[in-house]
Amino acid sequence: MSDTKVYLLDGGSLVLDGYHVFWNRGPGGEVRFPVYSILIEHAEGRFLIDTGYDYDHVMKVLPFEKPIQEKHQTIPGALGLLGLEPRDIDVVVNSHFHFDHCGGNKYFPHAKKICHRSEVPQACNPQPFEHLGYSDLSFSAEAAEARGATAQLLEGTTRANSTFEGIDGDVDLARGVKLISTPGHSIGHYSLLVEFPRRKPILFTIDAAYTQKSLETLCQAAFHIDPVAGVNSMRKVKKLAEDHGAELMYSHDMDNFKTYRTGTQFYG
């Protein structure tokens, strides 16, 4: 793993109304969007950024999001396409803990876990309008206990093996891999900048901007905790991309996702 490689793990898709994707702008109607995780193979280890959604959880709690997910799009299945198992991942980083970004955390009791220091407390005690976003609590025994949802925990999940290192601000995760603080969508949201020896950097907006249109128009999703911070974060992402000459990749943009490399293909 001397050269940095980035794999996008296809996690299936979900549906939202257009007015939720593009807050107060639309147009309305069903918008099917991708969900994916980011695997970084690096000289310092294997880093997994986000873990997608759990199909059974969505069908139980948010069936109106109409999940489509095949076996190879689960976290174990997607890793299996690369000849890997969950135990091969060294570090799991969660950009935030909305259900479509943490559904596979339960497969990594052994891994070091990192998130913004405000995210676990927020999942324990979300705002009334955040309860569905923070509805899959299988990532944290602490959060599940706080919300009376311990039935969600995979057998063997404990506080000891589901504890996170809390960070704040922009943080170097590894050489050439940087977490970019972009609050607004959630209280402690992170975007991701990855640099490579032989190609331009990639800046993953994650949910700071669902789509290319979102970033170009500074139109955030309807799911947020601080819309002013969200707009400022989008401006920060745009400037970082310009300053670094980075390629932008979006979290929930189906048109762009169709052009991304997935499966065994990689960036590096």
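Every residue gets a Cβ built from N, Cα and C, even glycine.
Here is what Swiss-Prot says about this protein:
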type     : residues                       : note
ACT_SITE : Asp100                         : active site, proton donor/acceptor
BINDING  : His96, His98, His185, Asp207   : Zn(2+) 1 binding site
BINDING  : Asp100, His101, Asp207, His252 : Zn(2+) 2 binding site
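Features as recorded by Swiss-Prot, highlighted on the structure.
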{"residue": "His96", "record": "Zn(2+) 1 binding site", "CB count, 10 Å": "28"}
{"residue": "His98", "record": "Zn(2+) 1 binding site", "CB count, 10 Å": "24"}
{"residue": "Asp100", "record": "active site, proton donor/acceptor", "CB count, 10 Å": "27"}
{"residue": "His101", "record": "Zn(2+) 2 binding site", "CB count, 10 Å": "27"}
{"residue": "His185", "record": "Zn(2+) 1 binding site", "CB count, 10 Å": "30"}
{"residue": "Asp207", "record": "Zn(2+) 1 binding site", "CB count, 10 Å": "28"}
{"residue": "His252", "record": "Zn(2+) 2 binding site", "CB count, 10 Å": "25"}
Original post:
Rounded to a whole number, how many Å is the Cα of His98 (Zn(2+) 1 binding site) away from the Cα of His252 (Zn(2+) 2 binding site)?
Top reply: 13
**OP:** Check His98 (Zn(2+) 1 binding site) against DSSP and tell me helix, strand or coil, would you?
**Re:** coil
